Amino acid sequence: MVPCPTPRADPSSPGEGEPIVDLNCLDMANQTQVSEFVLLGLSEQPRQQQVLLGLSCSLYLIGCLGNLLTILAIVSDPHLHSPMYFFLSNLSLLDVCFTSTTIPKMLLNHLRGLTTISSSACLVQMYFFIAFGAADSILLLAMAYDRYLAICRPLHYLTIMSMLRCALLVAVPWVLANVISMVHTILMTRLSFYTSRIPHFFCDLNALIKLSCSDTHVNEMLVLVLGGSGVLVPFVCIMASYTPIAVAVWKVPSARGKWKAFSTCGSHLCVVSLFYGTIIGVYFNPASTHTTHGDMAATVMYTMVTPMLNPFIYSLRNRDLKGALRKLLSHNHLAKPL
(Lines of atoms letter the chains of each structure in order from A and count residues from 1; the text may use other names and numbers.)
(Lines give C-alpha, C1' and ligand atoms only; values in the text may rest on other atoms or scores of the structure.)
Protein backbone atom coordinates (compact mmCIF):
# COMPACT_ATOMS: atom_id res chain seq x y z
CA MET A 1 0.00 0.00 0.00
CA VAL A 2 1.47 3.35 -0.98
CA PRO A 3 0.63 6.93 -0.03
CA CYS A 4 -0.64 9.54 -2.43
CA PRO A 5 2.21 11.84 -3.28
CA THR A 6 2.25 15.44 -2.16
CA PRO A 7 0.79 17.53 -5.00
CA ARG A 8 3.13 19.90 -6.86
CA ALA A 9 1.97 23.17 -8.31
CA ASP A 10 1.91 23.01 -12.08
CA PRO A 11 3.37 26.26 -13.48
CA SER A 12 2.09 25.64 -16.97
CA SER A 13 -1.37 26.68 -18.00
CA PRO A 14 -3.79 24.38 -19.83
CA GLY A 15 -2.71 23.72 -23.36
CA GLU A 16 0.77 25.22 -22.87
CA GLY A 17 2.60 22.34 -21.23
CA GLU A 18 1.79 19.53 -18.86
CA PRO A 19 -1.89 18.82 -18.32
CA ILE A 20 -3.47 19.85 -15.03
CA VAL A 21 -3.31 16.95 -12.58
CA ASP A 22 -5.62 15.90 -9.81
CA LEU A 23 -4.34 17.71 -6.71
CA ASN A 24 -5.79 15.06 -4.38
CA CYS A 25 -4.22 11.95 -5.83
CA LEU A 26 -1.35 11.45 -8.28
CA ASP A 27 0.18 8.41 -9.92
CA MET A 28 1.41 5.69 -7.52
CA ALA A 29 4.59 4.97 -9.49
CA ASN A 30 7.92 5.43 -7.73
CA GLN A 31 6.39 6.40 -4.38
CA THR A 32 7.52 5.39 -0.91
CA GLN A 33 5.42 2.64 0.66
CA VAL A 34 3.24 3.32 3.69
CA SER A 35 5.11 1.75 6.62
CA GLU A 36 2.36 2.00 9.23
CA PHE A 37 -1.16 3.19 9.95
CA VAL A 38 -2.50 5.02 12.98
CA LEU A 39 -5.60 3.48 14.58
CA LEU A 40 -7.66 6.22 16.24
CA GLY A 41 -9.54 3.73 18.43
CA LEU A 42 -13.10 3.55 19.69
CA SER A 43 -13.36 7.22 20.61
CA GLU A 44 -11.40 10.44 20.36
CA GLN A 45 -12.31 11.33 23.97
CA PRO A 46 -9.66 9.86 26.33
CA ARG A 47 -12.08 9.23 29.21
CA GLN A 48 -14.66 7.66 26.93
CA GLN A 49 -11.90 5.59 25.35
CA GLN A 50 -10.94 4.18 28.76
CA VAL A 51 -14.52 3.11 29.49
CA LEU A 52 -14.98 1.54 26.06
CA LEU A 53 -11.67 -0.33 26.33
CA GLY A 54 -12.72 -1.78 29.69
CA LEU A 55 -16.06 -2.83 28.23
CA SER A 56 -14.36 -4.37 25.19
CA CYS A 57 -11.97 -6.34 27.39
CA SER A 58 -14.88 -7.66 29.49
CA LEU A 59 -16.92 -8.68 26.44
CA TYR A 60 -13.87 -10.37 24.90
CA LEU A 61 -12.98 -12.36 28.02
CA ILE A 62 -16.59 -13.43 28.66
CA GLY A 63 -17.05 -14.43 25.02
CA CYS A 64 -13.79 -16.39 24.85
CA LEU A 65 -14.51 -18.17 28.14
CA GLY A 66 -18.04 -19.11 27.08
CA ASN A 67 -16.98 -20.30 23.65
CA LEU A 68 -13.97 -22.27 24.89
CA LEU A 69 -16.08 -23.97 27.57
CA THR A 70 -18.62 -24.87 24.89
CA ILE A 71 -15.91 -26.46 22.74
CA LEU A 72 -14.41 -28.38 25.68
CA ALA A 73 -17.82 -29.63 26.83
CA ILE A 74 -18.73 -30.90 23.36
CA VAL A 75 -15.36 -32.56 22.77
CA SER A 76 -15.28 -34.23 26.20
CA ASP A 77 -18.82 -35.67 26.13
CA PRO A 78 -19.39 -38.52 23.60
CA HIS A 79 -23.18 -37.98 23.85
CA LEU A 80 -22.72 -34.60 22.18
CA HIS A 81 -20.90 -35.95 19.13
CA SER A 82 -23.81 -35.22 16.80
CA PRO A 83 -24.23 -32.86 13.80
CA MET A 84 -25.84 -30.03 15.80
CA TYR A 85 -23.03 -29.90 18.37
CA PHE A 86 -20.41 -30.35 15.67
CA PHE A 87 -21.66 -27.14 14.04
CA LEU A 88 -21.93 -25.41 17.41
CA SER A 89 -18.33 -26.22 18.34
CA ASN A 90 -17.16 -24.84 14.99
CA LEU A 91 -19.21 -21.67 15.53
CA SER A 92 -17.58 -21.24 18.95
CA LEU A 93 -14.12 -21.70 17.43
CA LEU A 94 -14.87 -19.11 14.74
CA ASP A 95 -16.19 -16.64 17.30
CA VAL A 96 -12.99 -16.91 19.34
CA CYS A 97 -10.86 -16.42 16.21
CA PHE A 98 -13.07 -13.59 14.92
CA THR A 99 -12.82 -11.50 18.10
CA SER A 100 -9.13 -12.32 18.55
CA THR A 101 -8.18 -10.65 15.26
CA THR A 102 -9.04 -7.17 16.57
CA ILE A 103 -9.53 -6.81 20.32
CA PRO A 104 -6.15 -8.15 21.63
CA LYS A 105 -4.25 -5.81 19.28
CA MET A 106 -6.38 -2.85 20.41
CA LEU A 107 -5.79 -3.67 24.09
CA LEU A 108 -2.07 -4.32 23.55
CA ASN A 109 -1.66 -0.96 21.81
CA HIS A 110 -3.40 0.74 24.72
CA LEU A 111 -1.18 -0.95 27.32
CA ARG A 112 1.96 -0.04 25.35
CA GLY A 113 0.76 3.51 24.74
CA LEU A 114 0.83 3.02 20.96
CA THR A 115 -1.76 3.60 18.28
CA THR A 116 0.11 2.31 15.25
CA ILE A 117 0.00 -0.86 13.19
CA SER A 118 2.41 -1.73 10.38
CA SER A 119 0.98 -1.88 6.86
CA SER A 120 1.73 -5.60 6.57
CA ALA A 121 0.10 -6.31 9.96
CA CYS A 122 -2.86 -4.18 8.87
CA LEU A 123 -3.34 -6.33 5.76
CA VAL A 124 -2.99 -9.53 7.79
CA GLN A 125 -5.54 -8.29 10.33
CA MET A 126 -7.96 -7.30 7.57
CA TYR A 127 -7.52 -10.68 5.85
CA PHE A 128 -8.32 -12.75 8.94
CA PHE A 129 -11.10 -10.42 10.07
CA ILE A 130 -12.90 -10.86 6.74
CA ALA A 131 -12.13 -14.58 6.58
CA PHE A 132 -13.41 -15.41 10.07
CA GLY A 133 -16.36 -13.04 9.75
CA ALA A 134 -17.49 -14.47 6.41
CA ALA A 135 -16.99 -18.06 7.62
CA ASP A 136 -19.09 -17.24 10.70
CA SER A 137 -21.85 -15.86 8.50
CA ILE A 138 -21.94 -18.84 6.11
CA LEU A 139 -21.70 -21.36 8.97
CA LEU A 140 -24.83 -19.83 10.53
CA LEU A 141 -26.61 -20.78 7.29
CA ALA A 142 -25.39 -24.39 7.63
CA MET A 143 -26.67 -24.43 11.21
CA ALA A 144 -30.05 -23.11 10.06
CA TYR A 145 -30.20 -25.91 7.46
CA ASP A 146 -29.40 -28.47 10.18
CA ARG A 147 -32.10 -27.01 12.43
CA TYR A 148 -34.63 -27.06 9.57
CA LEU A 149 -33.96 -30.75 8.87
CA ALA A 150 -34.13 -31.69 12.57
CA ILE A 151 -37.52 -30.00 13.04
CA CYS A 152 -39.24 -30.35 9.67
CA ARG A 153 -37.80 -33.67 8.45
CA PRO A 154 -36.87 -35.59 11.63
CA LEU A 155 -37.33 -39.08 10.10
CA HIS A 156 -34.77 -38.35 7.36
CA TYR A 157 -32.43 -36.26 9.50
CA LEU A 158 -29.78 -38.89 10.30
CA THR A 159 -29.78 -40.12 6.71
CA ILE A 160 -29.32 -36.65 5.23
CA MET A 161 -26.85 -35.33 7.80
CA SER A 162 -24.16 -37.92 7.26
CA MET A 163 -20.62 -37.42 8.53
CA LEU A 164 -19.44 -36.46 5.03
CA ARG A 165 -22.19 -33.87 4.58
CA CYS A 166 -21.46 -32.35 7.98
CA ALA A 167 -17.77 -32.08 7.10
CA LEU A 168 -18.64 -30.41 3.78
CA LEU A 169 -21.04 -27.97 5.43
CA VAL A 170 -18.20 -26.87 7.73
CA ALA A 171 -15.42 -26.92 5.10
CA VAL A 172 -17.33 -24.87 2.51
CA PRO A 173 -17.66 -21.76 4.75
CA TRP A 174 -13.93 -21.84 5.52
CA VAL A 175 -12.95 -22.16 1.85
CA LEU A 176 -15.40 -19.54 0.54
CA ALA A 177 -14.51 -17.10 3.31
CA ASN A 178 -10.78 -17.35 2.58
CA VAL A 179 -11.38 -16.83 -1.14
CA ILE A 180 -13.49 -13.73 -0.43
CA SER A 181 -10.86 -12.39 1.97
CA MET A 182 -7.99 -13.07 -0.43
CA VAL A 183 -9.68 -11.11 -3.22
CA HIS A 184 -10.25 -8.08 -0.98
CA THR A 185 -6.70 -8.21 0.42
CA ILE A 186 -5.04 -8.45 -3.00
CA LEU A 187 -7.07 -5.52 -4.31
CA MET A 188 -6.24 -3.48 -1.19
CA THR A 189 -2.49 -3.75 -1.91
CA ARG A 190 -3.06 -1.82 -5.17
CA LEU A 191 -4.54 1.27 -3.48
CA SER A 192 -2.90 4.57 -2.50
CA PHE A 193 -3.87 6.55 0.59
CA TYR A 194 -3.96 10.27 1.29
CA THR A 195 -3.58 9.69 5.04
CA SER A 196 -2.41 6.93 7.35
CA ARG A 197 -4.93 7.77 10.10
CA ILE A 198 -7.70 5.15 10.28
CA PRO A 199 -10.77 6.37 12.24
CA HIS A 200 -11.39 2.91 13.67
CA PHE A 201 -10.01 0.44 16.23
CA PHE A 202 -8.85 -2.04 13.57
CA CYS A 203 -8.04 -2.21 9.87
CA ASP A 204 -11.57 -2.28 8.51
CA LEU A 205 -12.12 -2.80 4.78
CA ASN A 206 -14.59 0.07 4.43
CA ALA A 207 -12.43 2.46 6.44
CA LEU A 208 -9.38 1.76 4.25
CA ILE A 209 -11.39 2.18 1.04
CA LYS A 210 -12.64 5.58 2.26
CA LEU A 211 -9.05 6.70 2.96
CA SER A 212 -7.88 5.78 -0.53
CA CYS A 213 -7.26 8.37 -3.21
CA SER A 214 -7.08 5.68 -5.92
CA ASP A 215 -9.96 4.49 -8.05
CA THR A 216 -11.92 2.23 -5.69
CA HIS A 217 -14.85 1.34 -7.95
CA VAL A 218 -13.72 -2.29 -8.26
CA ASN A 219 -13.21 -2.57 -4.49
CA GLU A 220 -16.63 -1.10 -3.76
CA MET A 221 -18.33 -3.30 -6.34
CA LEU A 222 -16.74 -6.44 -4.87
CA VAL A 223 -17.79 -5.42 -1.36
CA LEU A 224 -21.36 -5.58 -2.64
CA VAL A 225 -20.96 -8.70 -4.80
CA LEU A 226 -18.83 -10.82 -2.46
CA GLY A 227 -20.52 -9.38 0.60
CA GLY A 228 -23.88 -10.26 -0.90
CA SER A 229 -22.83 -13.89 -1.30
CA GLY A 230 -21.29 -14.07 2.16
CA VAL A 231 -23.80 -12.03 4.15
CA LEU A 232 -27.04 -11.18 2.35
CA VAL A 233 -27.70 -14.63 0.86
CA PRO A 234 -27.15 -16.48 4.19
CA PHE A 235 -29.30 -13.93 6.02
CA VAL A 236 -32.23 -14.25 3.59
CA CYS A 237 -31.99 -18.06 3.58
CA ILE A 238 -31.84 -18.22 7.39
CA MET A 239 -34.90 -16.01 7.76
CA ALA A 240 -36.74 -18.06 5.11
CA SER A 241 -35.90 -21.33 6.92
CA TYR A 242 -37.76 -20.16 10.01
CA THR A 243 -41.11 -20.08 8.17
CA PRO A 244 -41.50 -23.89 7.90
CA ILE A 245 -39.91 -24.22 11.36
CA ALA A 246 -42.56 -21.90 12.82
CA VAL A 247 -45.31 -23.89 11.08
CA ALA A 248 -43.92 -27.17 12.46
CA VAL A 249 -43.60 -25.75 15.96
CA TRP A 250 -47.16 -24.41 15.84
CA LYS A 251 -48.39 -27.97 15.31
CA VAL A 252 -46.79 -29.16 18.57
CA PRO A 253 -49.72 -30.29 20.78
CA SER A 254 -48.12 -29.37 24.12
CA ALA A 255 -48.46 -25.69 25.02
CA ARG A 256 -45.31 -25.91 27.14
CA GLY A 257 -43.34 -27.56 24.33
CA LYS A 258 -44.63 -24.98 21.86
CA TRP A 259 -43.62 -22.09 24.12
CA LYS A 260 -40.15 -23.57 24.72
CA ALA A 261 -39.57 -24.06 20.99
CA PHE A 262 -40.74 -20.55 20.14
CA SER A 263 -38.58 -19.12 22.92
CA THR A 264 -35.49 -20.93 21.61
CA CYS A 265 -36.15 -19.97 17.98
CA GLY A 266 -36.91 -16.39 19.02
CA SER A 267 -33.61 -16.00 20.84
CA HIS A 268 -31.76 -17.47 17.84
CA LEU A 269 -33.51 -15.02 15.51
CA CYS A 270 -32.65 -12.07 17.76
CA VAL A 271 -28.92 -12.86 17.76
CA VAL A 272 -28.91 -13.61 14.00
CA SER A 273 -30.76 -10.36 13.27
CA LEU A 274 -28.34 -8.39 15.47
CA PHE A 275 -25.30 -9.94 13.75
CA TYR A 276 -26.48 -9.59 10.16
CA GLY A 277 -28.39 -6.34 10.70
CA THR A 278 -25.36 -4.46 11.99
CA ILE A 279 -23.11 -5.84 9.23
CA ILE A 280 -25.64 -4.84 6.57
CA GLY A 281 -25.91 -1.40 8.15
CA VAL A 282 -22.14 -0.88 7.98
CA TYR A 283 -21.30 -2.37 4.57
CA PHE A 284 -24.46 -2.21 2.45
CA ASN A 285 -26.19 1.07 3.33
CA PRO A 286 -25.65 4.13 1.10
CA ALA A 287 -22.56 6.13 2.07
CA SER A 288 -24.72 9.21 2.70
CA THR A 289 -26.39 7.47 5.66
CA HIS A 290 -23.13 6.60 7.43
CA THR A 291 -21.76 8.38 10.49
CA THR A 292 -18.53 7.59 12.31
CA HIS A 293 -20.26 7.00 15.66
CA GLY A 294 -23.07 4.95 14.09
CA ASP A 295 -20.67 2.71 12.20
CA MET A 296 -18.50 2.28 15.30
CA ALA A 297 -21.48 1.25 17.43
CA ALA A 298 -22.68 -1.22 14.79
CA THR A 299 -19.16 -2.66 14.45
CA VAL A 300 -18.92 -3.20 18.21
CA MET A 301 -22.22 -5.10 18.05
CA TYR A 302 -21.14 -7.66 15.46
CA THR A 303 -17.48 -7.93 16.51
CA MET A 304 -17.91 -8.11 20.30
CA VAL A 305 -21.52 -8.43 21.45
CA THR A 306 -22.85 -11.23 19.23
CA PRO A 307 -19.76 -13.50 19.67
CA MET A 308 -20.21 -13.03 23.44
CA LEU A 309 -23.95 -13.82 23.25
CA ASN A 310 -23.66 -16.93 21.05
CA PRO A 311 -22.52 -19.39 23.77
CA PHE A 312 -25.30 -18.20 26.08
CA ILE A 313 -28.01 -18.37 23.41
CA TYR A 314 -26.97 -21.60 21.69
CA SER A 315 -25.36 -23.46 24.60
CA LEU A 316 -26.54 -22.47 28.05
CA ARG A 317 -30.21 -22.83 27.05
CA ASN A 318 -29.50 -26.43 26.02
CA ARG A 319 -30.08 -29.03 28.77
CA ASP A 320 -27.62 -31.61 27.40
CA LEU A 321 -24.88 -29.07 26.97
CA LYS A 322 -25.45 -27.62 30.44
CA GLY A 323 -25.08 -31.14 31.83
CA ALA A 324 -21.83 -31.63 29.93
CA LEU A 325 -20.54 -28.30 31.24
CA ARG A 326 -21.35 -29.28 34.82
CA LYS A 327 -19.47 -32.57 34.34
CA LEU A 328 -16.55 -30.73 32.79
CA LEU A 329 -16.30 -28.15 35.57
CA SER A 330 -16.67 -30.73 38.35
CA HIS A 331 -14.15 -33.11 36.70
CA ASN A 332 -16.65 -35.94 36.84
CA HIS A 333 -15.73 -36.84 33.28
CA LEU A 334 -12.27 -37.85 34.59
CA ALA A 335 -13.58 -40.05 37.37
CA LYS A 336 -13.03 -43.66 36.32
CA PRO A 337 -13.02 -46.83 38.40
CA LEU A 338 -9.55 -47.96 39.32
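Cβ atoms are placed via backbone N, Cα and C, with glycine included.
The annotation transmembrane segment is assigned in TrEMBL to 51-75, 123-145, 166-187, 221-249, 261-284, 296-316. If you look up TrEMBL, you'll see 66-314 marked as domain 'G-protein coupled receptors family 1 profile'.
Counted as Cβ pairs under 8 Å, contacts with the transmembrane segment (51-75) are highest for 296-316 among 123-145, 166-187, 221-249, 261-284, 296-316. By the Cβ criterion (under 8 Å, sequence separation of 6 or more), the transmembrane segment (261-284) is not in contact with the transmembrane segment (166-187), since fewer than 3 such pairs are found. Over the domain 'G-protein coupled receptors family 1 profile' (66-314), the average per-residue pLDDT in this prediction is 89.
Packing against the transmembrane segment (221-249) from elsewhere in the chain are residues 134, 137-138, 140-141, 144-145, 147-148, 151-152, 176-177, 180, 183-184, 187, 205-206, 209, 258, 261-262, 265, 269, 272, 276, 279-280, 283-284: each is 6 or more residues past its ends and has a CB under 8 Å from a CB in it.
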